Amino acid sequence: MGKAILTKKILLHTVLMIGVLVSIFPFYWLVVMSTNQTSAIFAFPPKLTFGGYFMTNFNHVMDNTNFIRALFNTIFIAVLSTTLQLFFNSLTGFTFAKFQFPGSKALFYVMIGTMMIPGQMLLVPQFMIIKELGWVGDYKALIVPGIASAFGIFWIRQYALAIHNELLESARIDGCSKFGQYWRIALPILRPALAFLAITTFMGTWEDYLWPLIVLTDTSKFTLMLALQQLKSVHTADYSMVMTGTLMATLPLIVIFLVVSRQFIAGIMEGAVKS
Amino acid sequence: MGGLLKDIYKSRALYLFISPFYILFLVFSVFPIFYSVFLSTHKWDGIGEMKYVGSANFTYLFTDPTFWHALVNNIILWILGNAPQLICALIVAFLINMAIVRFKGFYRIAYFLPNITAMVAVVIIFQSLFGNEYGLINFLLQKVGLSRIEWFNSPFASRVVIAAMICWRYMGYNAIIYLSGLQRIPKDLYEAAELDGASTVQTFLRITLPMLKPIILFSVMMSTIGGFQIFTEPQVLAGTQSPYPGTDTVVLYMFREGFTYQNYGYAAAVSWVLFIIIGLLSVLNWKVFNKSDD
């Protein structure tokens, strides 16, 4: 019996490890390409180990793109979007969870319904509005439409349902306004839910491609994803440089993910069960 | 009636709290929906005068071979990119969830990692792996005695590459979603099956699959919506050129018509057709899943 279980265990872990290799290999390949010269990778057989050319490739990226600029643009947009989303989503989610007012149920269901609208469908008319507002080429076009999201509100609301009414009640008796109840009581309790929302929003903004491609016109305002696409289209021959740029643009998110992975995956799993 | 107005007045702060979402929703969703109905019946380049054309945009759309081509490609990409991946995800989730597997945390992180990689980066990495001349995949193919494949010269092979990107990026994500469903299946169900001498495969088919149905439906719905919004993969892959053979998609077609050729009215018509396709497929998914519910 013991032997049969051991065989089964080994078999299971082998299958799972093959999957892990498939998941990890492209990252390994990314680092291999970033540390070698293009000629070494395009040789037959290709080089499969790390080389010593990372700094050379890094300097090429710096010479050929405004990487630092794109990095700061991306951080700026991602931080601002995330902060605004955290504030508006938590305020709205808390309100839906803890207060009843005329129309609150209907308004809540309308909000849930909006999650079913496929985003790409509204691309053209949304662009028209942005144009009408004179926001083409402006970060407002990236930030403002997304400062409150149905998913974020729903997510916070599910958490906020667990806040004890007595807590809010006693705050109210002490003369705390509704906003005060949100700011002083709910917000600290909602911290874990906010952390998850912050990470997903930050990553989503960082990786966004189609909408920035449409509304940003000036290369000096480009985000990392747009800069990367441009680098790739222009320098098709220097693959090592393009790969190095890719590594530099994705590394921050990988680091953030590895630091918070446990809580983040727990959040994803909770989210799936709730919806 | 007076009581209701009083209630509304008393709740004015609450309305203020929730208003940002609804204001944005009105400006950036409700208005665009109606506006796109209007746009879809007009010819407009975004600068000059709008011209009412009735259903001409739709008539043209249905006779444009490029559109049909994009739609067929899109359906193939949707199936190739999701069916194998969802099945693998289910198996992986089932295996990780097994009581005798240790290092569950490690597996979860390792499988999830691809999902946090931006699609633009995924495209760049995969394009080099599948290079026509010197790609690693072609090297391996030749190593095992097969001939190399010109990945980006054949429609089918290009689709396989795009499907591989989608599978790689979403398999782990879906496995985690399934895992969350698996963990809610009561343990005693499995114990009872074990006592009855059920094999692993039997347990999977008789207990796991039926219990997971709602969450599988959720993932299939999400992949349908995602599958018909494929844009970044073929667009970044081809760079400044037109999409590689077999990789044009509906959103890419719409993007080209709207933002490259400035046929805004026509692009709005395309987006309505896209919306109807996604809607129909969602209903179909739902029907199929409920039918097998007997």
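Glycine is treated like the rest: Cβ placed from N, Cα and C.
According to TrEMBL:
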- A:12-31: transmembrane segment (TRANSMEM)
- A:37-55: transmembrane segment (TRANSMEM)
- A:67-88: transmembrane segment (TRANSMEM)
- A:71-260: domain 'ABC transmembrane type-1' (DOMAIN)
- A:108-130: transmembrane segment (TRANSMEM)
- A:142-162: transmembrane segment (TRANSMEM)
- A:182-202: transmembrane segment (TRANSMEM)
- A:240-260: transmembrane segment (TRANSMEM)
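In this chain, the transmembrane segment (A:182-202) lies close to the transmembrane segment (A:67-88): three or more C-beta pairs between them fall below 8 angstroms, excluding pairs fewer than 6 positions apart. The transmembrane segment (A:240-260) makes contact with the transmembrane segment (A:37-55): 3 or more of their CB pairs lie within 8 A, with pairs spaced 6 or more apart in sequence. For the transmembrane segment (A:108-130), the residues of the chain that approach it from at least six positions outside its boundaries are 96, 136, 141, 145, 150-151, 153-154, 157, 210-211, 214-215, judged by C-beta separation under 8 angstroms.
For the transmembrane segment (A:67-88), the residues of the chain that approach it from at least six positions outside its boundaries are 61, 139, 142-143, 146-149, 152, 194, 197-198, 201-202, 205-206, 220-227, 245, 248, judged by C-beta separation under 8 angstroms. Away from its own ends, the transmembrane segment (A:12-31) comes close to residues 50, 243, 246-247, 250, 254 of its chain (Cβ-Cβ under 8 Å, at least six residues beyond either end). Within the chain carrying the transmembrane segment (A:37-55), a Cβ under 8 angstroms from the stretch's Cβ atoms is held by residues 31, 237-241, 244, all 6 or more beyond its ends.
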